[in-house]
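Student: In case it's useful when we look at the structure, here is the feature table from TrEMBL:
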{"type": "ACT_SITE", "residues": "Glu94", "note": "active site, proton acceptor"}
{"type": "ACT_SITE", "residues": "Cys339", "note": "active site, S-methylcysteine intermediate"}
{"type": "BINDING", "residues": "Cys114, Cys118, Cys121", "note": "[4Fe-4S] cluster binding site"}
{"type": "BINDING", "residues": "Gly165, Glu166, Ser197, Ser220, Leu221, His222, Asn296", "note": "S-adenosyl-L-methionine binding site"}
{"type": "DOMAIN", "residues": "100-334", "note": "domain 'Radical SAM core'"}
Amino acid sequence: MATVKKDIRALTKEQLRDFFAKQGDKAFRGNQVYEWLWQKAAYSFDDMTNLSKETRQMLDDRFVINNIEVSTMQRSNDGTIKNAVRLHDGLIVESVLIPTPTRTTACVSSQVGCSLDCKFCATARLKRMRNLNPDEIYDQVVAIDKESKLYFNRPLSNIVFMGMGEPLMNYNNVIKAIDKITSPEGLGMSPKRITVSTSGVPKMIKKMTDDDVKFNLAVSLHSAIDEVRTSIMPFNETFPLEDLKEALEYWYAKTKRKISYEYVVWKGINDTQKDIDAFVKFCKYVPCKVNIIEYNPIDDGQFQQASNAALEQYIETLEKNRIVVNVRHSRGKDIDAACGQLANKS
Ligand code: SF4
């Protein structure tokens, strides 16, 4: 019977050192392999050129490197790049590189499909197939970092967890991936340049706070009125705004880091003065900034971008209340790479 090869990236550095020591080799080899796997993102044992041919063969006989593969890459007219990423079991997720004159941001996925069912989101239609493991999240970032260097002559500068999936429903793996991304033995990125965007899972926001995470928090709010929010984000029934508010207060009290609210204004859904007033009230609970995001229709026309007048009214009222507000025009719309459009169509 053929032996099943182990995923070498599931081993810690200590375990790799032990492995080599037990082979009668130098434990230091474990450090070298670890460096190849993480810092140098090697996808083949043959790339590990400071190991002997015999050692590389021995590793190849016992282990696999379950790396991802960018199966298709699309480039938008505005420079945005969307990767369809094939996982070792054949499933596909998408990640996006968003360039601006001063930064390159990676928008990465945390699940195949999604556990939640936001009515306006293309990913929700895929349902959740499985969580991504930490390496699969890390590899999406590495792939985008390479593309950033290749096409824009600079490394990746920021990461947002706003791709497919609800990151807080795959919390442990997201945290492990971020640990690796921020570790000097991984990509060495500052956690201040990473934002985890959630639709608002109160108990997990509290857990993140207790875990003393150093990255930023964004919440896709879209309405501060329970009935409206539940109609577009049905899980709001289980996690109502009052619980979310309490969790966000807990976060701010301990971290002193502002929250970003992501907010889309849709015609006939959340475009009245009552919606605006409720949102402004919610924004006052904890220090925050607001990103109003341009909506990208996902074909069926049920959700439509609100009028400019409604958007102006939101912006004016927020600013009058001294709340910082940015309007984000979507990028990569021509390749379905914009927010809410990721659905493995490529
Ligand atoms: S918006 Fe985010 S949380 Fe909601 S279904 Fe889409 S991917 Fe999931």
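Heads up, the Cβ atoms here are built off N, Cα and C, so glycines get one too.
Not measured: the values here are computed from a predicted model.
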Student: For the domain 'Radical SAM core' (100-334), what's the mean pLDDT in this predicted model?
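Tutor: It averages 93.
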Student: Cβ under 6 Å from an atom of ligand 1: which of these binding-site residues qualify? The list is Cys118, Cys121, Glu166, Ser197.
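Tutor: List returned for ligand 1: Cys118, Cys121, Glu166.
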Student: For Cys114 ([4Fe-4S] cluster binding site), which DSSP three-state class applies?
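Tutor: Coil, per DSSP.
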Student: What subset of the binding-site residues Cys114, Ser197, Asn296 lies within 10 angstroms of the residue listed as 'active site, proton acceptor', using C-alpha positions?
Tutor: none
Student: Reduce the DSSP letter at the residue listed as 'active site, proton acceptor' to three states and note it down.
Tutor: strand
Student: Which has the fewest other Cβ atoms within 10 Å: Ser197, Ser220, Asn296, the binding-site residues listed?
Tutor: Asn296
Student: Select the most exposed residue of Glu94, Cys114, Cys118, Gly165, His222, where exposure means the fewest other Cβ atoms within 10 Å, treating these as the recorded positions.
Tutor: Cys118
Student: According to DSSP, folded down to helix, strand and coil, what is Gly165 (S-adenosyl-L-methionine binding site)?
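Tutor: In three-state terms, Gly165 (S-adenosyl-L-methionine binding site) counts as coil.
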Student: Grab the S-adenosyl-L-methionine binding residues from the record (Gly165, Glu166, Ser197, Ser220, Leu221, His222, Asn296) and give me their largest CA-CA distance in Å.
Tutor: 19
Student: CB neighbours of Glu166 (S-adenosyl-L-methionine binding site) within 10 A?
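Tutor: If we count other Cβ atoms within 10 Å of Glu166 (S-adenosyl-L-methionine binding site), we arrive at 26.
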